[in-house]
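What follows is a short report on a single structure.
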Amino acid sequence: MSEKAQTEHGQLVGVEKLRSSCDPASLGFATTAELEPLDGLIGQDRAMEAIRLAAGMRASDFNLFVQGPPGMGRHDSVTTYLREHAATLAEPDDWAYVNNFDAPHKPCALRLPPGVARKLALEMQDVVDDLAIDIAALFESDDYQAASRVINEEFGEQQEHTMAAFAEKAKSEDVAMMRTPMGIMLTAIKDGEVVKTDRFDALPEDERKTIEEKINRLQVELSEILRNAPKLDRERRRRIEALNAGMVGEVVSSRLREARDAFADIEVVQAYLATVEEDMIGNAEMFLAVTQQQPDGPFPESVHKAHSNPAFQRYMVNVMVTREGDAPRGAPLETEDLPTLDRLAGRIEHVSQMGALMTDFTMIKPGALHRANGGYLILDARRLLSEPMAWPTLKQCLQSESIPITSLGERLSLISTTSLEPDPIPMNVRVVLIGDRMLYAMLITLDPDFGELFKLQADFEESIARSDDTQALFARVIGTRAARNGLRPVSAGGVARLMDEAVRRAEDASKLSLHLGALADLLREADHYAGEGARDIVIAEDVEHAVQQADRRASRIKDRMREMVRRKTLLIDTSGEAVGQVNGLSVIGLGGYLFGRPARITARTRMGSGKLIDIEREVELGGPLHSKGVLILSGYLSSTYALDVPFSLQASLVFEQSYGGVDGDSASAAELFALISSLSGVPIHQGFGVTGSVNQNGQIQAIGGVNEKIEGFFETCLDQGLTGDQGVMIPAANVDHLMLRQDVVEAVRDGQFRVIAISTIDEGLGVLTGRDPGARGPDGGFPPDTVNGLAEARLRGFAEQRLKFSQSAKPTGQGG
Amino acid sequence: MAAPGPGHKRILVGAGSFADARAALAILDLLSGVGITDIGGLFLEDREVMEAATPRTSALVSPRGAIGTAPSRQVLRLMWRSDARAFRDRLIQLAARRALRWSFERAPGEPVAGLCNVAHSWDWLLIGHLPSGAHAGRVVGVFHGAAAGGDGVGELTEGLARSLGTGAELIADTLPEADILARLERVHAAAVVIDAGAGPFRTAAQIRALLAAARCPILVLGAAGIPSLVEYSTQIPQPPPGQAG
């Protein structure tokens, strides 16, 4: 079989189309050090427009989902843009929680101007510290002592006067007051002695009645006096409290007036301080009690920090979010790498007291939503979705535009202890989720809330059209990354080699891959080799070395498979001819590493009822796409050959020595070639590897992984010896995707290997068999000696054979 | 509290009910730095109360003003026993806390007279009486002579007042006894301090009148000066020679 014969049907792909290398000379610079830095991304206009829109709109439901594969620079670009944009926005207000003096389990949220929350917190600490000293001094002052003593003595003497008068009266009426364990016993006396029963009985009736009457009367009077004592004491306490309120009120009001003046224009602080004043006056004794508990330490009373005493926590300010002095101006931009429920929406901590878990408003801790309030929050979608209750909580916050704080245990009713119901803080946060396309598809499909809350998507392109302009931009991106990562400048040759790698990763000679993360990894490795070589710049050889080393590190399985083919453990022929047998090409992917390998496909045919058996599908090793491809073959055969007779073929197809799953339809053309070969009995040249899918009209369609497939078959041929007759047949539509390794290109240039593009099955049959495939003539039939003619004749033979068989098996109808 | 100079003071606390005893022990607990080494408790059961407790000639009013009939003898005995036990327990607790020697005895008799009868073997007496009111009144001292301080009454009075967080009032015994009693009738007092060895209140009758007027615990210094009417017992031993009040 001559080269001419093999190629007159397909199109021999020229060397120049096998690898569209970038010419370093066309870049116009020596090293990237000469280039202007280029921050941001190239080729992501669509995504950046979405990001800009999300940043600018303040509607709560225009949140953004940034989708695309990792390594596209999604995080960097979103963060960079939002940081710049946030700096132009107004600073959001501070938020703080303070005690609710009426309902301590429902802390109040205070909205304060930027930077005020911390000042207010410090002011309240000072207020408590000052009052702890001032109020204690007040209670110890002579003024207070004298005033309180006057009240105590007034009431004490009032009671004593009453008792003294009663005692006098009782004495004057000859009644003694005797103390007993049960109380005071009033008893009649006569002539200085107690009137005992026998003496009483001897008295005249009227005198006895008089004694009984006065005893009863005095008993009632004494009872009234003693009953009145608690009332008097209550009145005394009220007077003391009024005294305390009056004197303490002056001290508290005086100190809080200073605080009010410090926050004169802030109405909410004025209102809060009014409630504080009322509570402080009502609980003035707390200051005294705490001061008296202070141990005598080495420091004078004036430096005691009373605000750290738990009793005064009620007057503290729990700053949830504030703008510190050295914080960047503008709106906040927050990220949360571990978006648990607590870290997202805040939490309420507890402390153990006497075995019970206790909490108060000072133990409310902010979450990422609090910190990002008024600005932007960037979250990794996968991490968010993998944290229990985090996603429902985020949705709830976005829907209600507020941040309620509820612990996981509380939501799941796992714990029963004292808890709080803080005022929800109003929320205005633009949430940006970054995830892959699968996550986006699942969320938009399965979660009806997602579409409502995340109305914007930024879909990152994976490649960019290749042109002089984009190559120039690409070079600047490489230079910028090198500089930012502290790497050596890259020579023009190095940039060109990186660009070649970008083209290969794009699987399209007319495009550049935008997987900048992977290219940056390659650049860093190349920089390492440049360092080992004591070079000041990264050159093409460094990049090439990095590519080879990365390939070598990942190629253990590929090498083992090559070895198995070499040793005939896996049967692949790269020379000779065989009927019903063709070399299909498949791609195996492991992580980010892809490699191609040939697989023997065989077909067997015989008379039947039109059934095409896909053995892979029968044993459930074939995927749905593969099955679809095989069924298309059946459609092609039945609509191409022997149209006037029943389709009377039974055929079987198999990937030989394939023990794993097979999917995709890229081998359907190869399977069809094997079937037609088997039908026609025309052998196929085994020096070819074939890839491409086919439709029912016999047109060859593009497939993926074309470079790896060609290289995989090339390596097999190389191992078995290059003959010059070998090559790979690919769909013509894939020619633009070629970016082959340099060694393959060299082999083609040297005439040792070929790449042939085909557009139809007939072209492929011509290449593989070296014979005319045959086209239908004016009589409607294929020429007899052509591949198609032989195949049709065989099928017609099957139909006739089947007809004869059915006639011979038909019953005569003569039964008796 | 600041107090007179150190010594080996023996104090006898007497009361006819636990309520009165508790008020006295509260005052005793405030006495520190005065060299107390022994405390004694004497619970006195006034049998005259038993005799007087008849339904037609007597009536009862509780400390909070509840009206009741005079208790029966059996009830009185039970109450005395219960109060005596509580008094003893509280005394033991205080002695243990302060590392003091203690003794306790129940005896029949009117409280003031009973205490005065055994007073000569003790340095100080503390006569229990529940004061009125929930807050502490002032501490009143009746001092001997023209100026306070010489007999220790003044310092004790001031010290107790400081400990109670209240005021002190010192009355000179140069005033007629009736005037002093009249003054005490109207003062809301937490305690009264007197010196039986030097002041006008020396006999049981005088001290009883003082107690009736003051209606609060009375701390009697110089108890050895009070005339004794009873023999020593095993529970109330004779004092060591040379340690009288």
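Cβ atoms here come from the backbone N, Cα and C positions, even for glycine.
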- With the ranges A:208-235, A:320-347, A:600-627, A:684-711 to choose from, which does TrEMBL describe as coiled coil? A:208-235
- Task: Take the C-alpha atoms of A:Lys709 (active site) and A:Ser666 (active site) and report the distance between them in angstrom, rounded.
- Result: 11
- Would you report the average pLDDT that the model assigns to the coiled coil (A:540-567)? 92
- Measure from the Cβ of A:Lys709 (active site) and count the other Cβ atoms within 10 Å, all protein chains considered. 28
- Those residues of the chain, 6+ apart, with a Cβ under 8 Å from that of A:Ser666 (active site): A:Leu585, A:Ser586, A:Thr691, A:Gly692, A:Ser693, A:Ile703, A:Gly704, A:Gly705, A:Lys709
- Message: I want to verify one value. Collapsing DSSP to three states, which class is A:Ser666 (active site)?
- Response: coil
